[in-house]
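Undergrad: Pulled these features from TrEMBL for this protein:
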type	residues	note
TRANSMEM	20-41	transmembrane segment
DOMAIN	136-328	domain 'Peptidase M28'
TRANSMEM	372-394	transmembrane segment
TRANSMEM	406-426	transmembrane segment
DOMAIN	432-621	domain 'Endoplasmic reticulum metallopeptidase 1/1-A TM'
TRANSMEM	438-460	transmembrane segment
TRANSMEM	481-502	transmembrane segment
TRANSMEM	508-529	transmembrane segment
TRANSMEM	536-558	transmembrane segment
TRANSMEM	578-602	transmembrane segment
TRANSMEM	609-630	transmembrane segment
DOMAIN	643-880	domain 'Endoplasmic reticulum metallopeptidase 1-like C-terminal'
Amino acid sequence: MKAKESNYDPNIHRLPWYGGWVLLALVALCGTVSYWSFFYLPPALTAADLAQQPLAFNGARAWDTLTHLDALGPKTTGSRANEVRAVEVLEREFSLINASHHPAQQVLYEKQIVSGQYGINFFGSQMTSVYRRVQNLIVKLVGAEDRHALMLNCHFDSVASSPGASDDCGSCAVMLEILRVLSRAPERIRHSIVFLFNGAEETPLQASHGFITGHRWAREVRAFLNLESAGSGGKELLFQSGPQHPWLIEAYSRAVRHPFGQAIGEEIFQSGLIPSDTDFRIFRDFGHVPGLDFAHIFNGYRYHTRYDSVQFLSPAVLQRTGDNILSMVRLLANGNQLANGDDGQSEGSMVFFDFLGLFFISYTAIEGTVLNIVVSIAGLVVGCWSVLAVVGWSNWRSMGREMLHGFVATLVGSGAGIGLNLATAYGMDRAVDRSMSWYSSCWLVVGLYCVPVMMLLFIAHREFHRLFSKSKTVLSLTLTVQARIVGVFLFWALLTIGATVYGLRSAYVIAIMLTLALFSMTLTALLKLQSFPGGYWLIIYLLVHSVALLWTTQFYHIFTNIFIPITGRSGANDNPDLIIGIVAAACTIFTTSFLVPLVNLLRKPYRTIGTLFVLFLAALALGTVSSFGFPYTGPGSSPSDAPKVQRILVQHTVRQFYEPNSTQTVRSADAGYLFRLWDRHNERTVRDMLEKQSPGKGASALEPTELPECKREVFCGMPGSAIRFTSLWSPQSNRPNTPDMVKLSLDRWEVVRRNANGSSIKFTISLNGSFQSTILVRPRRNVRLTGWNLTPEVPVKLAAAGHKAYFLLITHGLAGEPVPLILDLETDRQSDTVEPLVDISVTSNFWEYHEHFTEEFNRFVASFPSWAHVVPSVTVVNVYTF
């Protein structure tokens with residue numbers, strides 16, 4: 001073919017200026033379709049469907065169970081609502097199921113009241129978790145071969161102030177309906193199914209430990225399905241699997257009717273970026289059982305608030321989850337996998353993903369590595385071949401130059417976009433004090449942080465074309481743009497190969513996009529449409545890339561639905577706009593980079609760029625000076641008006657410091673309000689409310705680390721959480737009502753060994769009072785804790801703000817006996833010295849203690865605005881020295 005003499009060949013297909021708007025509309029359309037698929041739920045079956053489909057999951061019947069659990073209100077471990085009333089509701093359901101099961105079925109029920117302890121690192125904090133008399137309700141549907149079992153797990157407890165409709169009573173309702181359906185089948189399933197309803201997950205993760213380490217049925221469990229929630233409703237996401245055991249993912253792929261799972265979710269969750277954990281960890285680490293972890297992730301605004309109620313859910317949520325889990329249960333319980341155990345099944349990790357819920361794909365990590373590398377290399381080869389087949393292979397330098405321009409323009413545009421987003425995030429936070437303006441108006445993220453990135457990508461590609469394109473070249477404008485697209489492919493191929501070499505299975509996210517780009521280039525080359533004057537290559541390119549847009553935009557919806565609500569509980573010290581700005585930039589680059597080179601086909605490209613700039617300025621104006629930029633909204637007039645609230649934890653606290661070697665005589669005491677600062681604007685709200693209550697109180701509130709006793713008292717004489725997390729302390733004259741608390745008594749201490757180098761001393765202590773409590777044990781200087789009665793080895797100390805101590809979390813379900821604590825100390829000093837050896841701080845937490853709140857505290861809590869979700873409690877801190 002004769003080479004072209006000019007880069008502006010009149011035969012080239014060039015788009016009118018409004019073609020840029022068409023590209024923007026295409027992105028918006030595909031994003032809307034993926035958004036719709038993201039939130040679509042199939043309708044629930046109703047009571048009228050029971051006669052026609054008696055062995056199908058019925059969402060209406062599960063919903064009826066959920067409403068009974070939701071009506072109990074908050075169900076904290078140790079409360080009457082959790083330990084008595086929730087147990088009564090569940091046991092009534094078990095009785096009805098047992099009375100209506102088919103004669104061929106055998107349904108067994110046991111209540112486990114269990115105590116135990118274990119060491120765990122929870123979000124970077126080492127602690128010893130101690131639980132006493134927490135409850136598990138366990139139902140076993142006995143299989144024809146009663147040797148191996150599949151386990152389903154949910155928890156019926158909730159955090160303070162939240163009914164826990166989604167987290168996690170909805171999952172318990174799903175499990176009850178699955179049990180009801182399977183128990184009415186005329187034939188037994190092959191393997192047994194254990195349904196675990198645990199009553200202490202939020203404490204955290206304690207009742208599941210009691211079951212998997214202490215119940216006889218746990219020894220039969222070969223796999224589990226954990227049903228959780230990190231939001232309030234929507235689709236249940238498969239976000240953890242294994243470890244290893246690829247057969248579980250393969251079973252999900254075969255069984256599930258409405259797939260929703262992404263391996264990238266597993267890697268993000270296990271990286272610690274999401275401040276949450278589930279019973280999956282306990283079953284995996286302490287029971288060494290493989291499983292799948294499911295969670296509802298939508299509407300994280302309502303997670304752990306009073307708005308996690310049936311008012312904001314629908315039976316369709318239960319129907320979708322129930323359909324999927326019931327299909328999984330039937331496949332696994334009747335298959336060979338459970339009986340085979342680890343026989344050749346535990347090798348390798350899996351890459352898995354769904355496409356808009358239409359179908360599910362999985363393959364091994366090794367296959368993923370091969371696929372990623374092959375696609376990356378093949379795309380570059382085919383892209384170069386497609387262009388050089390037209391102009392001749394001797395012109396590879398021209399092709400390479402234009403491909404390099406596309407690569408560098410994408411790199412420069414991406415860097416500039418991320419930089420502008422970081423600058424915008426800094427300005428929104430520091431200059432105009434409007435961080436989190438998108439928290440309620442989440443569409444502002446598009447204008448503030450997506451639009452400018454796309455704008456700078458357009459500018460980079462346009463200016464590289466204007467500045468570096470030669471007036472005479474063998475490549476027509478069409479072929480130049482195609483070469484630039486190959487440069488974009490090179491950009492993503494290098495990232496894919498790098499992520500693959502690093503061992504990230506998440507590289508599949510890019511590899512799928514590259515596969516679609518490879519398909520487009522191959523189709524264009526085979527049909528020889530590279531320079532066809534009618535521009536058919538562009539039609540093929542946009543059609544194929546529309547599928548790619550559906551793939552890429554769904555990750556924007558996933559990430560923003562996860563990370564935007566999380567910023568409302570991620571702490572006060574970090575600017576949340578930085579997180580959202582980076583996430584939005586990455587999603588925008590990922591979504592639009594293959595469209596951006598087409599800007600050079602536009603006759604007046606800066607009209608499109610100008611449109612994006614105007615949208616950016618409009619979003620800035622709305623975010624900074626309008627009511628849309630206010631982060632929070634309260635409940636509306638209808639259930640569809642979902643609130644997006646600010647979280648505030650306030651503990652009416654009394655601190656009591658005891659005389660040395662005494663557990664009875666208090667040497668000093670004070671009281672105050674302790675606030676946990678969850679987000680960037682908590683401190684302002686708290687100070688405003690304090691000032692409204694008592695002028696001057698807002699200004700006098702201070703961080704606990706600023707208290708003068710911080711230099712001598714363990715963790716400043718505060719609960720450990722006050723130092724670990726950003727907090728605010730406001731001294732108050734009114735003390736809370738505290739008729740009960742956990743009290744420490746020193747039963748005895750004895751010198752075990754004495755020599756010239758020091759002494760070994762054993763302390764025997766009792767902790768009296770069946771309430772949730774935390775204990776801090778701080779040996780003094782030259783004193784070491786060498787052993788205790790809780791765990792075989794002494795754990796690592798909890799460290800925060802220059803303070804170190806051994807941290808114990810003690811939870812009581814049903815009331816029980818005192819908790820013994822035996823400390824083995826070694827000191828370099830002689831035992832007859834009068835210097836203290838150890839400081840012990842005992843914190844009692846009283847959740848759902850409303851009937852004992854003082855009138856002044858009640859008025860203060862009620863004074864907060866409707867868009868604030870206040871979690872009030874009473875806390876007692878007793879500090880002892882021995």
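Note: Cβ is positioned from N, Cα and C throughout, glycine not excepted.
Curation plays no part in TrEMBL annotations; they are all automatic predictions.
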Undergrad: Under a criterion of three or more Cβ pairs within a distance under 8 Å and sequence separation of at least 6, are the transmembrane segment (536-558) and the transmembrane segment (20-41) in contact?
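TA: Touching, yes - the transmembrane segment (536-558) and the transmembrane segment (20-41) meet the threshold of 3 or more Cβ pairs under 8 Å.
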Undergrad: Out of 20-41, 372-394, 406-426, 438-460, 609-630, which stretch has the largest tally of CB pairs under 8 angstroms to the transmembrane segment (481-502)?
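TA: Answer, by Cβ pair count: 372-394.
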Undergrad: Could you give the residue numbers and ranges of same-chain residues that sit at least 6 residues beyond the transmembrane segment (372-394) on either side and whose C-beta is under 8 angstroms from one of its C-beta atoms?
TA: 1, 3, 403, 474-475, 479, 482-483, 485-486, 489-490, 493-494, 496-497, 499-500, 507-508, 511, 514-515, 517-518, 521-522, 524-525, 530-531
Undergrad: How about the transmembrane segment (609-630) and the transmembrane segment (20-41): at least 3 CB pairs under 8 Å, pairs 6 or more apart in sequence, or not?
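TA: Output yes: the transmembrane segment (609-630) sits against the transmembrane segment (20-41).
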Undergrad: Under 8 Å, at least 3 Cβ pairs, sequence separation 6 or more: does that hold for the transmembrane segment (406-426) versus the transmembrane segment (508-529)?
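TA: No, since the transmembrane segment (406-426) and the transmembrane segment (508-529) share fewer than 3 Cβ pairs closer than 8 Å, they do not count as touching.
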Undergrad: Can you name the far-off residues of the same chain, 6+ from the ends of the transmembrane segment (578-602), with a Cβ under 8 Å from a Cβ of it?
TA: 13-17, 19-20, 23, 26-27, 31, 406, 409-410, 413-414, 417-418, 421-422, 424-426, 438, 445-446, 448-450, 453-454, 457-458, 461-462, 465, 477-478, 480-481, 484-485, 487-489, 491-492, 509-510, 513, 517, 538, 545, 548-549, 552-553, 555-556, 559-560, 563-564, 567, 570, 608-609
Undergrad: For the transmembrane segment (508-529), find every same-chain residue at least 6 residues outside the stretch whose CB is under 8 Å from a CB in it, and list them.
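TA: Same-chain contacts beyond the ends: 263-264, 351, 353, 368, 371-372, 375-376, 378-379, 382-383, 385-386, 389, 482, 485-486, 489, 492-493, 495-496, 499, 536-537, 540-541, 544-545, 547-548, 551-552, 555, 590, 594.
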Undergrad: What is the pLDDT of the domain 'Endoplasmic reticulum metallopeptidase 1-like C-terminal' (643-880) when averaged and given as a whole number?
TA: 91
